[in-house]
Amino acid sequence: MAHPHLLAERISRLSSALEKGLYERSHAIRLCLLAALSGESVFLLGPPGIAKSLIARRLKFAFQRARAFEYLMTRFSTPEEVFGPLSIQALKDEGRYERLTTGYLPEAEIVFLDEIWKAGPAILNTLLTAINERHFRNGAFEEKIPMRLLVAASNELPEADSSLEALYDRMLIRLWLDKVQDKANFRSMLVSQQDESDNPVPASLQVSDEEYQQWQKDIGAISLPDPVFELIFTLRQQLDNLPNAPYVSDRRWKKAIRLLQASAFFSGRDAVAPIDLILLKDCLWYDAQSLNLMQQQLEILMTGHAWQQQAMLTRLGGIVQRRLQLQQQQSDKTAFTVIKEGGMFSRRPHYTLPPEVSASTLTLLLQKPLKLHDMEVIHITFDRSALELWLTKGGEIRGKLNGIGFAQTLNMEVDNAQHLVVRDISLQGTRLALPGTAEDSMPAEIKQQLETLENDWRQQHTRFSEQQHCLFIHSDWLGRIEASLQDVGEQIRQAKQC
């Protein structure tokens with residue numbers, strides 16, 4: 001078997017070749033290729049004339065030997081037009097009911113059925129068996145169907161509670177396509193002279209029958225780690241608890257997990273990673289409402305839980321809370337304390353400075369810097385006599401901010417613990433302390449916890465960086481996940497600097 005990274009590179013080049021000349025269809029091609037390489041079915045929803053059939057035709061060129069069958073369903077379509085006409089010779093000579101399947105669905109590797117919901121019950125029932133069991137009953141015999149990819153298309157969804165729901169449930173990947181939107185792409189499409197029937201894939205990239213069969217075994221060997229399973233189960237529980245969530249059968253979950261295994265395998269990994277779960281957004285929706293719902297739920301999962309983002313923020317919140325507790329304890333110990341005076345009949349308490357304060361000026365540190373009079377202040381210098389007068393009689397108090405300039409009016413008070421508290425214009429306050437008593441350093445306990453948390457963040461970011469190279473995931477998702485991780489990292493760094 002090829003080295004995993006070489007295989008991933010080959011599949012990437014194969015997809016690029018298939019995408020040539022198709023504008024704004026890269027994601028659809030890649031998911032159809034993934035479906036073809038893992039033997040799954042795709043439903044394309046969109047208006048006529050947006051290259052749905054061309055996507056299916058292109059996928060034939062992914063293989064060295066692949067026969068294609070395509071058919072436009074109508075209300076009058078018959079099984080003979082899809083599965084082959086009856087053999088008149090066999091019926092006449094031997095009385096056998098047998099179809100001539102050459103050139104029809106039972107002998108095709110790539111199948112495209114347009115306007116699928118117009119098919120009648122006879123076609124639908126046979127098609128269900130073909131998809132489920134990859135077998136076709138031809139008269140008295142069961143014939144194996146080589147179908148690797150079924151692409152069904154329509155410009156509408158099946159009606160709810162109709163006989164079509166069973167077939168719709170078999171369409172694992174569901175893609176909602178629209179017209180070309182970008183101006184430059186629209187122009188390129190208009191002037192393109194590419195022949196749609198040309199094979200754009202070099203022979204060296206095409207998949208042989210032997211490779212395809214071996215890969216089916218290899219896909220099944222891809223592991224599902226416990227943390228990834230927990231994410232899947234969390235998503236399932238979230239959907240079960242939402243009133244408007246689509247019903248997802250156990251069969252559909254199981255088939256979706258195999259698709260995730262295929263995504264991991266063709267990305268060069270030996271285990272399903274959280275990044276692969278984004279594919280579920282194209283597997284679990286039923287209609288427009290549930291499509292938006294799946295997008296929202298997966299975004300919550302990917303940006304909040306897949307790489308422990310929310311768990312790390314919760315831990316950070318606990319660390320910050322503990323730090324505040326320690327700071328409060330330290331603040332109580334180091335805050336400058338005045339002496340309460342006055343008899344029991346005094347109208348208001350008054351205070352005096354401690355006897356050890358004897359200098360004509362007194363500089364006190366803010367335990368937490370504040371912005372006062374448009375200045376970031378870390379200490380205030382008071383005239384001792386002015387401070388004593390304020391402590392005794394109240395009124396206005398002034399001090400030099402950071403010890404410079406003219407003395408400025410301060411919003412200051414004595415709290416219940418007899419500490420001096422200064423407040424800014426928003427009434428945020430901090431206690432004052434004598435120089436040499438304020439504790440500036442972060443407690444060792446908090447430092448260690450923040451270091452451990454930052455190391456855990458680095459590990460999660462490294463995991464994401466190693467896993468993000470997935471051909472089948474749109475780059476927009478990678479950007480949102482990276483932003484969520486960077487936000488967590490920034491909050492941790494800010495906490496370390498405080």
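Each residue, glycine too, has its Cβ placed from N, Cα and C.
What Swiss-Prot records for Tyr23, Gly49, Ile50, Ala51, Lys52, Ser53, Leu54, Glu196 is ADP binding site, and it gives sequence analysis as the kind of evidence.
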Return the count of C-beta atoms lying within 10 angstroms of the C-beta of Lys52 (ADP binding site), excluding that atom itself.
23
Spatial neighbours, same chain, of Ala51 (ADP binding site) - Cβ under 8 Å, 6+ residues apart:
Leu22, Arg25
Take the mean position of the Cβ atoms of Tyr23, Gly49, Ile50, Ala51, Lys52, Ser53, Leu54, Glu196, the recorded ADP site. Which other residues of that chain put their Cβ within 8 Å of it?
Leu22, Arg25, Ile55
Compare all C-alpha positions of Tyr23, Gly49, Ile50, Ala51, Lys52, Ser53, Leu54, Glu196, the record's ADP binders, and send over the largest distance in angstrom.
14
What residues, ordered by sequence, lie under 8 A Cβ-to-Cβ from Ile50 (ADP binding site) and sit at least six positions away in the same chain?
Leu177, Asp178, Lys179, Val180
Once the chains shown are all counted, how many other Cβ atoms turn up within 10 Å of the Cβ of Glu196 (ADP binding site)?
13
Please report the number of other Cβ atoms within 10 Å of the Cβ of Leu54 (ADP binding site).
16
Check the binding-site residues Tyr23, Gly49 for other C-beta atoms within 10 angstroms of each C-beta and report the one with the most.
Tyr23
